[in-house]
Structure formats: structure tokens, C-alpha cells
Amino acid sequence: MGSSADVLRRWSPILAPFFTVTTLIICIVITKTKDIYVGSLAWPYFSDMGRDDPAYYVFATGLCLTAIFLALTWTFNFRHQATVLAHPEAKATPSLLRCSFAASTMGAVATIGLPILSIYRVSYDHPEIHNYAAYFFFVFQAAAVFLNTYVTRRILHTSPTPKIFRTTWRIQVVFASLFLIAFILYIPVGLAIVCPFERLTVVKCLTEGLGTDYCATTIGFDATYTKLYDYSNCGAINQLRSAAQLVCILTLVGYALSFATHKDDDAVPALLSAPSPTNV
């Protein structure tokens, strides 16, 4: 690969987590300092923290940048695995390369959901677009993570395996396992048991001290309700889902960092040719 591609390959799995964590931290700070309404939750949903200005601009910009570098990370991951599987000593089947391609494709395609969910605010016009984009991102990332972890494991048994390959596998299996638990609680189980989302009433909005202009005009839905959501009718379950969402985000960050252990594609043949134990 050319020098620019080499730089992107090295930095993409670092920059994607960096922008994710930075965006999360800044949104938390803005939410706390400006006392933004987050639906009565002690730990809010990420999208509620990035709903109002100026956090909205941080949220949208940060997740768009995350999407770019995460898509690049998955793209370079396939190129790396393809190089490993093409090694003369590898005993890989064509199906394993197809699995690698499918995993990286799903991971890259999933990032389309990030700019969509960040631009369409959760409580404003068309909140369903925001929600479906979020589910699209997490479901496709889940499929990509587990299929890719399977591919990494298979590579350890089909190719000579230097220590760095085993390190990648160990990082991935830890974060993939934690992500699985959080993902199940957040989407399939969480959506099955959560109560229907209710709009925050204008009266309660005013009681929260959010201001007449904000409650009636800025986020006013009609004469009775605002566009904001009130999770107090199902607080415990929503708190569970918001915590699971945070774990999903952080474990995806950790999983993405595992790609930073990949060596330059040009160095892979030498690594694979070097004597190394194959036991994981």
C-alpha cells in the first residue's frame, strides 16, 4: 500500500475510538453543565445527551468522523486477513476468505447508520429514522464482530501464528463476549420488555424548569406534549437499556483497538514464515 494508505491503516483503528470517546465525554460535560433534560435517567441514552444545541453539533460531527474511520478500519481489516490467508503455508479454505469479506463488509456498511442517527435527533422530527438507524448500526456491527472473531480464531488454526496474532484474538474474544451480553440487554431483550415511550408533557416540562419558550416552542409537539421523551413510567428498564448501550459503545471501542495490532501487509509474509508455536 502507498504511504497515505499506510497512515490510514495505522491510525483508523485509533481515531475511530478516539472520536467516539471524545464525543461521549464532551456530550456528558455539556449535559451536566447545562442541566439538559435526559428523560429522568441517572445515566442517559447517548442520543439524549447529544439532542440539544450545542451538544448536537458535537454529537453529529463526532459520529460522522467515527463512521469514516470505522469504515476504513473494517476495510483494512479485510485486506490484512486476505494477505494472511493468501500465504503459501496457510491452509485456509475459500469459505474463510468469504467469511472475512462478509464480516468486514457488514462492519463497514453498518457505519452508514452513524451519520443518519446523529443528524436525525431522537426527539425531534422523524425520531423513527434515528431509532432505526441506531438499530441498523448495532445489529450489523454485532454480526460483523462475531463473524470476524470467528475468522480470527480460524486463522490461528490455518496459518502459522506469531504472538501478535494471538494477542489480536484474545483482545477480540474478550470485547466480543462483553459486547454480546450488552447487545442482548440493549436491543432484543430491552426492546421486548420496555414500556412504550411517552412524550414529556408541557406541564411537566415547565415543572422541570426548562423554560416556557423551550417547552412550548423549541421542542413543542402540540398543546399538551413536547417532542421530548419521559422514561419515568419505565425508569428501571430504560436505565438498564441506557447502561447496556454504554457498554456496547465501550466494547466496540475496545474491539476496534484490536485492529491496531495488525502489522503492515508487507510485513505479514515474514511474520508468518518465522517459527512460532501454534497453540493459542
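Numbering starts at 1 and runs along the chain as displayed.
Keep in mind that glycine also has a Cβ here, set from the backbone N, Cα and C atoms.
The transmembrane segment annotation in TrEMBL covers 12-31 (among others).
Sequence annotations record features per position, and here TrEMBL assigns domain 'CWH43-like N-terminal' to 13-187. For the domain 'CWH43-like N-terminal' (13-187), the predicted model reports an average pLDDT of 92.
The transmembrane segment feature in TrEMBL is assigned to 55-76 (among others).
Annotation source TrEMBL lists transmembrane segment at 96-120 (among others).
Annotation comment: TrEMBL describes 132-152 (among others) as transmembrane segment.
Within the chain, the transmembrane segment (173-194) has long-range Cβ neighbours (under 8 A, six or more residues past its boundaries) at 135, 138-139, 142, 145-146, 149, 153, 234, 237-238, 240-241, 244-245, 247-248, 251-252, 254-255, 258. The transmembrane segment annotation in TrEMBL covers 173-194 (among others).
Packing against the transmembrane segment (96-120) from elsewhere in the chain are residues 47, 50, 59-60, 62-64, 66-68, 70-71, 73-75, 77-78, 81-82, 85, 126-127, 129-131, 133-134, 136-141, 143-145, 147-148, 150-151, 154-155, 158: each is 6 or more residues past its ends and has a CB under 8 Å from a CB in it. Outside the transmembrane segment (132-152) by six or more residues, the chain places 47, 74, 77, 81, 96, 99-100, 102-104, 106-107, 109-114, 116-117, 120, 165, 168-169, 172-173, 176, 179-180, 183, 186-187, 248, 252, 255 with a CB less than 8 A from a CB of the stretch.
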